[in-house]
Amino acid sequence: MAKFTQKFILILFGILVLLLPIQTRLIQFIPESHIDQSFIFYNVLFLYISDIILALTLIIWAFSGLFHMKQASPTMLQRKEQESVSHETYNKALNNVGKRNVFHETKLGRLGNVSHETYLWLFFLVSCSSLIVSRQTIGSWELTFFGLFKLFLAVSLFSFMRNIFKKGVFHEISTVEGHSKKSFWGMFPMKQLATSTFWLILATSMFQAGLSIIQYFTQKSVGVKLLGEEVIRNHIPGIAKFIVSGAPRWSLDRLFDVSHGTSILIRPYGTFSHPNIFGAFMFFSALINFYLYVSYGTNVQNNDQKEGSVSRGRWVKGLLSFVLFVQIFAGVISFSRVAIVAFGLSTLFWFVLMCFMGNKSKANVISALRPSEAFGEGGKTGIHDREDRQVRKPGYPIGFGDDKKTKIAIKSFSLTFFKKEGRGLIITLVASGIILSALFYPHFLERGGVVSHGTTNERSISERILYQKISVEMIKQNPLTGVGYKNFVMVMDDYSPQKLQSNQHQPVHNIYLLIAAETGLPALIIFLIFIITILKQAWWNRKDPLIITLLSIFIGFLFIGLFDHYLLTIQQGRLMFFLTAGLLAVSSKIAVPAYSMKK
């Protein structure tokens, strides 16, 4: 029964990942959904098929946990024995690190592991409590409560991600001594499931990229309305478009004097609600491609270059390079400048960390070494005891010694990456940049450039500044409680310095100002602490490509949050944000569990 439940949860999670970009949904309008015949998306109730799958997954996971708690008592003795064995083995492996540093790392790990979830749930509770203290400003109770339900699902997704994965360190250390591989930390192995999740995201990104390319060059919908594709026509009010003389699709149209009889160029949507979210998804999936490219190369090397493995590895790497070009191509034609800049910053951050990935603790190096190198005869560690042990320095999770084997272990991957894996990615990125700049640079100039200069974007920029002024005024007048969750658009007229047009009723394009305006400064502080704890833990444990990739994506999302709101207000953005946060939190857990220091 337990195995069936785990497999079913795994299948549902895979379906959820595949449905991430899909907009299939039920729509419920309320009186506030339209203002003077203008559609206000923020005031509409959307129930997505991904909401249903996520809710079903969470329900089965919760009931499975309750069932296993009832069945846990007969195995408690076995669990205590495993804890005792792991404690003894781990102390042998880390006997050089020093009790003070281990305790500090343990304390930090305990605080980090607990605080992620605690702070996020506290943020949810504060969002709920803002309704009580600011009830006089609530415009629509059904909109507010439904919004809180969607926030509850997002927070629960983070908790789900944090709890279903197994810890990996104890498996590796205990295997050296021949002990059981069984884990009681979670349900599924972290690396395997994360990699499988990434392959699913890569597959769905290729579908989205192909769909968007067709939309862009035909300038209309493809016809997959069942998947939530928006109706795309240049005469539809509010469609994402910009003016280009002759509406060339790319520079080749001008080179061969091809005219399309219009000056309107529609940006592609994929199956997303806006090209900006589609662009963010392409950035998200392209960074994931980086990890798959590197990890596949490592797997091929670990196979001792068996017959056919090298040629197969080159074929797969070539395919991933082509996929990366298509992803970047699709991201560029979304003309989402914030997503493109975020991709550039995250890519630079990723390469820097990958090239200097050698800052590891001894605990992490042990798992990288062969058993014969990590452990001596009788189970003793191969890392020699030193009186001149280093004190922890910034960037080093635990002080580490000077023995040659340790230095070789922490530098080998960085050198290999710089010479082989990194070189292939750099060639693909540079070639893509040159080709796409030649094809679409004039279009970015027509749209106002990457940094939004010129007259084309004056209205868009002025509106965003107006929304920021409105949000600041809300915060000034309601610093502790805000105006109520999902209530920004409802009351923004009362805080605006000028009369708003009907189509100007949108949330502020900044997730941090939006949180403070709707739920108060305490909620924003809690949310920022949640982010800081994740970043701090990930930074101290930047020991492998998975953590580096997720950290790079997460930082890119935080940058996007400064300029748009969809990471918290729209389904696909919300799923991307909390999925990444959950994976990053669990993958960067501190290696020393809290209980291992207890005797």
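Quick reminder: no glycine exception, Cβ is built from N, Cα and C everywhere.
What TrEMBL records for 40-63 (among others) is transmembrane segment.
Under the heading transmembrane segment, TrEMBL lists 119-138 (among others).
Annotation comment: TrEMBL describes 144-161 (among others) as transmembrane segment.
Among the features that TrEMBL reports, transmembrane segment is placed at 197-217 (among others).
The transmembrane segment annotation in TrEMBL covers 277-294 (among others).
Under the heading transmembrane segment, TrEMBL lists 315-333 (among others).
What TrEMBL records for 339-357 (among others) is transmembrane segment.
In the predicted model, the domain 'O-antigen ligase-related' (419-528) has a mean pLDDT of 88. Taken from TrEMBL, the feature domain 'O-antigen ligase-related' covers 419-528.
Using a Cβ-Cβ cut-off under 8 Å and counting only residues 6 or more beyond its ends in the same chain, the transmembrane segment (424-444) has close neighbours at 244, 248, 250-252, 254, 265, 290, 293-294, 317, 321, 324-325, 328-329, 332-333, 335, 337, 347, 351, 450. Annotated transmembrane segment per TrEMBL: 424-444 (among others), in sequence order.
Under the heading transmembrane segment, TrEMBL lists 511-534 (among others).
Among the features that TrEMBL reports, transmembrane segment is placed at 546-563 (among others). If one looks beyond the transmembrane segment (546-563) by at least 6 residues along the same chain, the residues whose Cβ comes under 8 Å of a Cβ in the stretch are 191, 194, 280, 283-284, 287-288, 290-291, 295, 338-339, 341-343, 345-347, 349-350, 353-354, 357, 509-512, 531, 534-535, 538-539, 576-577, 580-581, 583-584, 587-588.
Taken from TrEMBL, the feature transmembrane segment covers 575-595 (among others).
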Can we call the transmembrane segment (315-333) and the transmembrane segment (511-534) in contact, meaning three or more C-beta pairs below 8 angstroms at a sequence separation of 6+? no
Near the transmembrane segment (277-294), which same-chain residues lie under 8 Å Cβ to Cβ, leaving out any that are not at least 6 residues past its ends? 20-21, 195, 198-199, 201-202, 204-205, 208-209, 212, 268-270, 317, 320-321, 323-324, 327-328, 330-331, 334-336, 338-340, 342-343, 346-347, 350, 354, 417, 421, 424-425, 545-546, 549, 552-553, 556-557, 560, 566-567, 570, 572-573, 576, 580
Feature contact check the transmembrane segment (197-217) with the transmembrane segment (144-161), CB under 8 Å, 3 or more pairs: no
How do the residues of the domain 'O-antigen ligase-related' (419-528) split into helix, strand and coil according to DSSP? 77 helix, 0 strand, 33 coil
